[in-house]
């Protein structure tokens, strides 16, 4: 009989083999659900297999033992090998295949093309005209040029209207003059800007005859394509070490009256004619499409990062033994403790939920692009609000889940051998890049307040489908009827909090307080409403996606995982449902959660194996596929550069003289 878990191989840890044998579903079938199709899940496995046959693509040393210079050099070395072999590895036109290739080979510590594929090229696709795409897009896809996306400044990030970089149009020369007027106007943080990119999409305030038309995207050459030296008028460099992602060269960029042709304004939506006449875009926030795209993909990306940490923690919890339960002859797997299950299993559910939610959000974004091309921008505000909330909630909960995974690994989780600290450092950056989380929640809050005001003004029928529940009345809850009843609980919580926050804001404003001060005084309550609204959306998409699964064994375990999710999430918002659920109902939910944890237990390892993250990509001793942790942990430690000699120069130079002096 063929094993349902496709990860079982000879020589594996008996504990992990036992776990995999207990799985009730085919992990390849689950991978097809996770990655959107059986075809792409299979391609991922084929690409990983092809990569494993090219030894030059392997890390030359464990990445934690390399300094920044070594990591940047290693990334560039492997990129050159990838490009020599790319036609053997992937379809170069496939974004998804390319993303898997780079993630597998380069890891998550950054590399010179990290932002080229996910920000620079999509910005050209979304914002460059057809003529401009002919000029630049092919070159970018062929990697003849390396690009980045330069928007954030040292002094301003989320507040786009306060960006200081200017692009002043000169009708006489038909050029834009880019200038950084202050130290805080330096572009700061763009990935690959520091030492790698020679072009950038730069966001700057468009100035025509002293009138500021706000932020617009410009295509800007930064470095000579032959020498790679910065061009005159350009100040560019690396911003220094970071919490993680230190193989990436995040950079700074300044302009000194730097001139570019008029045609370098990306003009799919807004244009400047030769005489300086401005042709405005069809929607005020059309230039936000690049940000919306990134935020649309962040749910799946963050779900994948959380999955990395959970693969490590769950596998290690299945081979780590500590203490006793009923059988006193052998220590128990720590995964058998309810506390460990409660710490990890809800995060497994969230990882799946984020990925499924991401599918739906990306679908909405793709539809928005089609609508905008046809002149319909009505969905822009809705998706901007939704992705703002998603970006905030998903990044925060991902960071929370990864840190729980690290602590679930005990002391060894603190070692870089676990690699969880690097995963955490990369993931937690999502709380601030592409918009600081509190600012994002308040952007969604404005959308929710406007929705309540529409209801108050008798315009409930004009509400979008995502906020229609705000106008509904409370209904009776029967928790025995399944996940949709828990959805009603979340609707109650989100609806009540949104009304409460809006009414507080309105009361303060009506008392004579300025609009800005009233907003600030109500902001904490508004962020709470935004979180609940977003978590409601995540739960709803999770329920809908599970309902669409055809494979019954896969669907069965996903229903079990969904039960963990809905019970845990409702327990987590208990304070918001006190007026709806009795103490007996809350006790019922709590007990259902504990039962759901037990139900998931036999499939825990198979659920994380289904992400099919290779050892090369995982880079974790604790999370090794074969479970042979301890001998490899010792091997990893011995490879430390400090162990190349028994006596360090620092001991000879400083410690020995100190000890000898102390003997006198």
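Glycine is treated like the rest: Cβ placed from N, Cα and C.
The range from 1-22, 23-44 that TrEMBL describes as region 'Disordered' is residues 1-22. Taking Cβ pairs closer than 8 Å, the region 'Disordered' (1-22) reaches residues 28, 315, 318-319, 321, 333, 553, 602-606, 609, 625-629 in its own chain, all 6 or more past its ends. Taking CA atoms as the reference points, residue 434 (active site, proton acceptor) and residue 152 (FAD binding site) are 9 Å apart.
Residue with the densest Cβ environment among the recorded positions 152, 191, 434: 191, by other Cβ atoms within 10 Å. Within the model, the domain 'Acyl-coenzyme A oxidase N-terminal' (26-146) carries an average pLDDT of 94.
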